[in-house]
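The S-adenosyl-L-homocysteine binding site annotation in TrEMBL covers Arg99, Glu146, Ala174, Glu175, Ser203. For 10-69, the entry in TrEMBL reads domain 'SH3'.
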Amino acid sequence: MIESESRDCNEGEEYVGLVDFVAEGDEQLSFSVGDRLLVHDRSSDVWWWAEMQGHFGYVPSSYLHQRTEDMEDAWQDDEYFGNYGTLRLHLEMLSDKPRTETYRQVILSNSAALREKVVLDLGCGTGVISLFCALLAKPAGVYAVEASSMAEHTEELVKQNGCDGVVTVFQERAENLTLPTKVDVLVSEWMGNCLLFEYMLESVLLARDRWLKKGGMMWPSSACLTIVPCQAFSDYRQKVEFWENPYGLNFSYLQSLAQKEFLSKPKFSHHLQPEDCLSTPADVITLDMVTIQVSDLERLKGEFTFTVEKSGMFHGFTVWFSAHFQCLEEDGPSIELNTGPYSEITHWKQTLFMLDAPVSVEEGDIIAGSIRLQRNPIWRRHLSITFLWNINSTEVSTVKTKCFPMWR
């Protein structure tokens, strides 16, 4: 039982739930993502006394965020579009040959079918996909839409490449976009780390619903999130084991702090070696770009069952995605962009989620569980990813869980 120094119900301060919390006793209060609670007592750093809809109980402080009148822009647009208004990110993306060549190949392989079609390139950046369309496919028109200040430079690039008769640049957010006509194809490179990070996909879906003709084509046409249990000896050695005996000194006291600091968030740009995969990877979530709705993005869940194929240390899970481009011609071949460890490396690489402590596993062991992507109810470009898993057990009491914020 958790004690509180005071239960005096003052007016309270309003907080919002960042993740779901299920009470484990009568003294605790359950709540869901986005629920509003009044916190009356914060005398403990870990557990606060709160109220929701007339019910009172203890809640974990780290699961809440205070609502304020001057809360920062939920979409952080100034920062987001500011980053895309400079060349740094565009250099990274254009230098990613597997990414850029995949889009080029999609346009080239569909060039005949794209003739006299109208194409919307949403989030066009420097306009490379729009230029591919104009030069390789001869469409009726291409609407290159970019919300950041890069649009001014994109317009010049379109002229420099002699495509201003086909490509029209619009500097506008998708939510405020007005186009001359609906389009036959909507193409976009919206994918972020773990597929959803930054949630550009919402803008793509809003544009789809407003501007894509009935029966029109979405590129990508679908996307999959893939995971695998893995080893990560180097990362664990550098971040946790390092503190055991640096320079002959016993620093093991700091290991729990290191664990909290270094293993509580995912590691972006992780390069997983195929030999560190403990099992065959599995697609756990698939998005159909024709049918998925904006509301579906709030929470996505997938389940997995892995059979360990070689004995080793289970350090965590590695996640990546693939995007699939359907052919405009019926029964034509599709094209895939895969960001996994068995494909040519991309600027996304993979994302590593480490357990608090590694677990020894043997060939034939079963690792089963689920992954949940929960959108942040306040900062709309961010999310949390929660893993639930157990090893060789179906007992609820043996299930382990860990939640990783990306980034808030």
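Cβ from N, Cα, C; glycine included.
Per-class residue totals from DSSP over the domain 'SH3' (10-69), listed helix then strand then coil: 3 helix, 29 strand, 28 coil.
Largest Cα-Cα distance over the residues recorded as binding S-adenosyl-L-homocysteine, namely Arg99, Glu146, Ala174, Glu175, Ser203, equals 26 Å.
As a whole-number mean, the pLDDT of the domain 'SH3' (10-69) in this prediction is 86. Of all the binding-site residues listed here (Glu146, Glu175), it is Glu175 whose C-beta has the fewest other C-beta atoms within 10 angstroms. Sequence-distant neighbours of Ser203 (S-adenosyl-L-homocysteine binding site) (same chain, 6+ residues apart, CB-CB distance under 8 A): Leu122, Gly123, Arg173, Ala174, Glu175, Trp190. The number of other CB atoms found within 10 A of the CB of Ala174 (S-adenosyl-L-homocysteine binding site), across every protein chain shown, is 22.
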